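Q: One structure is given below, represented as structure tokens, and several questions about it will come after.
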Amino acid sequence: MSINILDKTGSLLHKDGITGKARANWGSQLEFILTCVGFAVGLGNVWRFPYLCFKNGGGAFLIPYFICLVFIGIPLFYLELCLGQFASLGPIKVFRVNPAMKGLGFAMIIVSALIAIYYAVIIAYCIYFFFASMAAEVPWKYCDNSWNTCACQDGYQTFNFSLMDPRNSSRPDCANFTYSDNKTVSASDEYFNNKVLEISGGLEYPEGIKWELALCNLAVWAIVFIVLSKGIKSLGKVVYFTATFPYILLTILLVRGLTLEGYEEGIKFYLTPDWSKLTQADVWSDAAVQIFYSLSACSGGLIAMASYNKFSNNILRDSFLVPLINCLTSFYAGFVIFAVLGFMAHKKGTTVDKVAAGGPGLAFVVYPEALAQMPVSPLWAILFFFMMMTLGFSSLFSITETVITGLVDEMKDYLMKPKIRLYMFRFGICAFFFLLGLPMVTRGGLYMLNLCDTYVGGFPLLFVGLFELTLVSYIYGFFRFRKDIEMMMGNSLPVQVTFFFFAPTWCVISPVALAVVIVLKAIQYKPTAMGSYMYPDWANALGWMIVLCPLVFIPGWFIYHLLFKDNRGMCSPRPNWGPALDENKIGRYAKPITHAHPQAAYVVESEKKPYFNQPITNGLENKGYESDLSEPTTKVDKPALSKLRKKTGIAFINCKKALVKFDNNVEQAEKWLQEEAKKEGWAKATKLQNRKMAQGLVGLIYDKSHVTMVEVNCETDFVARTDKFKTFVTHLATVCHQHSKNINDTKSLLMKSEVGGVKSGTDNSSSIADLVAMEIGNIGENMQLRRALFYKATNDLQLGSYVYGPAGKPLWIKNVQLGKYAAVVQFSQIINGTKVIPGHSLSQQLGQHIVGMNPKTIGNYDDIALESSKDEEIETDENVSNNSSAENAEKYENEAQDSREGESDDEIENLPKEKEKDESRFLFQEYLMDPDTKVYEILTENNMKVMDFVRFEVGEELPEESEADDKVSASS
């Protein structure tokens, strides 16, 4: 949250609530778009989407894919961009919108961290292949290498019985090998498994680190650190290359593929639809999961990237443009892959479905095998693996920055100064991820990588998306979120039209679709396998632990918040939720208008933190300001501008306009600024005057000799809980408290119409009514200072007070108590003939009793003796009743019955009323702290006498207001 404060010298500081300065922004909108494209378009577009098309009906798969894109992908993409850009916060801090759901942010960070760890290992594979391709022949072309087995077939060897003769073979160990076509393995397969990975027999056999891959993984994280060392400043420049160059390489590879024999069979296989597949549930779940995986939704990255946007950036355009580019890229990459697979099938004399594969098998086995059969194969291999590297890096940069942004926002106070801490933190994240990736570069590492890829990209993302939609649509509220978006984007026709689409998708279609996909995936669950290798049960249990690792934070944080934090309003936005910069805070987020005289502003002890020290907003600049200053010609005097800002604390732009209007006359500019603020505030107040105000706070100032108690109302509890409203109530209480020193009466109660005329400021230029009107103009909600009570202590009478319903005051509010209920007690105490001041505890307890029991009157002290005798009679009757026999008890009952028969009906009817009367009289109520004791007994025991009390309850009905309403109705 951004706030404006005055330091001890009176100079203006513009301070962001997290960073201490304005959040960094992208260098241009293009940088943001390219970063999102690079984030979304990754390795999955090349090796996963084409395989899913082959598996799920070819061209028919495009139908569920685009349906899921429209009704799940784009709505979630837009929602996350809106959250990040509106609040300018990362994926953890953005859940100021609902503190109880902050666990969603941690879940996103953990998912991103897990993806980053294994994603870097895949890029390490690409680096290994990239450098291995720099040879006269690619090393996976032939089967005459030390890592090959007798089952190897490179597509060029002619298998005949002469191979049985060890003299005719370069592999003596194959002398006794009997060839069988269904047991052969490609040279590229053996190169990847036996040379690159030296793969073990399973996850349970790690068999040490493969140091060549470890060095490649180290290179990956070194590059990531260099690129992210300056955050988005450096990332925004790198994406110009990493997000665009892969398209050049894809096009080159496509052109080459279309010149190969048999390419048309591959393209035909890719596009030919199998409509029967559309009736299978797993096709639709695959489409939904691929949308999540491809768009990188629900992993926090979109929130993090959008948080660096300018507040008014057109993310509606971006939310349709980036997913469309991503999907077209996947479709385009399918042509590149299947053109080469068609060529490969043609060379082998088989069908495309026999050579097609997905995942690492496609990227590191099948496609390299096809490249090896092309002329100048090293060139094409270098281009292909360089494309894979750039695609991988463009995504990994954003994934890692997501984790860093989320954690830095949480620890900003520690990491910002000195700057070296932030660099070291970024370095530490990269180093930590490198160490966590070491198990994946062991000889059994591919099994771990496949396990993570299988479990991380499914259930965690789906559950996070479901909770996120529920939070925004139902807990925070769709219409409230819509107003936030309109605050950023304006009320243009495209924005309004798209809400007809996003309303049903956010509230119904997308949540229901995600719930269905989650159920389908649970039903279709099968133990993990990789080729012919079946993972052991403990490995599948480990996979489910990976799923739970991020998801457990969602209920975990909710329970933690419920048990150890203030759980009032835990599901409501925090007071500092909203736009980060003051100039963007309008409507319900608007800062109060600056009072023109800082001497009258509320100051807490030695700290100078004036409440009215905010920029003038809420349409003021477009009304009274722009009309007079559309063509400024006067050059602003900088010393005058500085002086005006110090005196008023008003935003720079408004002070500048005022000085231009009055030719650098500070006094006239100051007066005009205040008048404009008043005009706007009163116009808004008049418009909202009929709105009901049932919420608010009671503010109480107690300084031993004077007590001031005020009730300030607003429309909603949301506003009443904000620090801004609490500080406003504090300011009004302080102004009233200063006014009370001019009142001679011991007690004075002023209602709205009377207290509104109380002057504020050294020159009495503004009244309390003016202050309330200006606050209405800024917040956009009706308010009132309903009543103010003033009490003075005398030599004979002392004062006590109590406030209930602590409002969680800001730190700078120290001498004003805030709550929903409050009471002031006027009393005297005599001990040994001397009047004394009782202990704070007792006077506070009396006030607490009044707040809790709500007495209507004090009662008559002369009745105490009568009440005491009644109590003695009751006690005697009880003793008699307890000691008498059943016969005597019956006798007493008959006598009582005869006595009641002698009474009139009116007398009998008045009995409960007398009891009710006792319950409303302070002296004769049961003492709240000790129900067995009456209040007068406590007072008698302490030689105290309560002379008067007043109780305030926010929103209670007042006889004074009812009488006024009746008079108005009668006159009408």
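Placement of Cβ uses the backbone N, Cα and C atoms for every residue, glycine included.
Pulled these features from TrEMBL for this protein:
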- 888-902: compositional bias 'Basic and acidic residues' (COMPBIAS)
- 910-921: compositional bias 'Basic and acidic residues' (COMPBIAS)
- CYS143-CYS152: disulfide bond (DISULFID)
- 708-956: domain 'Translation elongation factor EFTs/EF1B dimerisation' (DOMAIN)
- 871-921: region 'Disordered' (REGION)
- 30-49: transmembrane segment (TRANSMEM)
- 61-83: transmembrane segment (TRANSMEM)
- 104-131: transmembrane segment (TRANSMEM)
- 240-259: transmembrane segment (TRANSMEM)
- 287-308: transmembrane segment (TRANSMEM)
- 320-345: transmembrane segment (TRANSMEM)
- 379-399: transmembrane segment (TRANSMEM)
- 420-441: transmembrane segment (TRANSMEM)
- 461-479: transmembrane segment (TRANSMEM)
- 499-523: transmembrane segment (TRANSMEM)
- 543-564: transmembrane segment (TRANSMEM)
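I'm curious about the neighbourhood of these features; can you describe it?
A: For the recorded site, CYS143 (disulfide bond), the DSSP three-state label reads coil.
Long-range contacts of the transmembrane segment (30-49) within its own chain (CB-CB distance under 8 A, at least 6 residues past either end) are made by residues 119, 122, 232, 235-237, 239-240, 242-244, 246, 290, 293-296, 301-302, 305-306, 308-309, 313, 318, 321-323, 325-326, 329-331, 333-334, 336-337, 358-360, 362-363, 387-388, 391-392, 394-395, 397-399.
For the transmembrane segment (61-83), the residues of the chain that approach it from at least six positions outside its boundaries are 52-53, 94, 97, 277-278, 283-284, 286-288, 290-292, 295, 297-298, 302-303, 306, 315-316, 318-320, 322-323, 327, 331, 465, 468-469, 472, 481, 484-485, 488, 502, 505-506, 509-510, 513-514, judged by C-beta separation under 8 angstroms.
Counting only same-chain residues 6+ beyond the ends of the transmembrane segment (320-345), those with a CB under 8 A from a CB of the stretch are 33, 36-37, 40-41, 45-47, 49-50, 53-54, 62, 65-66, 69, 73-74, 77, 247, 250, 253-254, 257-258, 260-270, 294-295, 351-352, 354-356, 362, 366-367, 369-371, 373.
Cβ atoms under 8 Å from those of the transmembrane segment (461-479) belong to residues 72, 75-76, 79-80, 83, 97-98, 101, 104, 107-108, 111, 288-289, 292-293, 297-299, 503, 506-507, 510-511, 514-515, 517-518, 521, 550-551, 554, 571, 573 of the same chain, restricted to positions at least 6 beyond its ends.
Tertiary proximity for the transmembrane segment (499-523) is limited to same-chain residues at least six positions away from its ends with a CB under 8 Å from its CB atoms, namely 68, 71-72, 75-76, 78-79, 281-282, 284-285, 288-289, 458-459, 462-463, 465-466, 469-470, 472-474, 478, 482.
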Q: Count the CB pairs under 8 A between the transmembrane segment (240-259) and each of 104-131, 287-308, 379-399, then give me the winner.
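A: It is 379-399 that shares the most Cβ pairs under 8 Å with the transmembrane segment (240-259).
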Q: Counting Cβ pairs under 8 Å to the transmembrane segment (543-564), which of 104-131, 287-308, 420-441 comes out on top?
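A: The stretch I would name here is 104-131.
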Q: Looking only at residues six or more beyond either end of the transmembrane segment (287-308), which have a C-beta under 8 A from one in the stretch?
A: 23-26, 32, 35-36, 39-42, 44-45, 48-49, 52, 56, 61, 64-65, 67-69, 72-73, 76-77, 80-85, 87-91, 94, 105, 108-109, 111-112, 115, 232, 315, 322-323, 326-327, 330, 395, 398-399, 401-402, 405-406, 457-458, 461-462, 464-465, 468, 513-514, 517, 521
Q: Suppose we draw a 10 Å sphere around the Cβ of CYS143 (disulfide bond). How many other Cβ atoms does it contain, all chains included?
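A: Excluding its own Cβ, the number within 10 Å is 25.
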Q: What residues, ordered by sequence, lie under 8 A Cβ-to-Cβ from CYS152 (disulfide bond) and sit at least six positions away in the same chain?
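A: Within the chain, CYS152 (disulfide bond) has Cβ neighbours under 8 Å at CYS143, THR184, VAL185, SER186, ALA187, GLU190.
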Q: Over the span of the domain 'Translation elongation factor EFTs/EF1B dimerisation' (708-956), how high is the average pLDDT in this prediction?
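A: The predicted confidence over the domain 'Translation elongation factor EFTs/EF1B dimerisation' (708-956), as a mean pLDDT, is 75.
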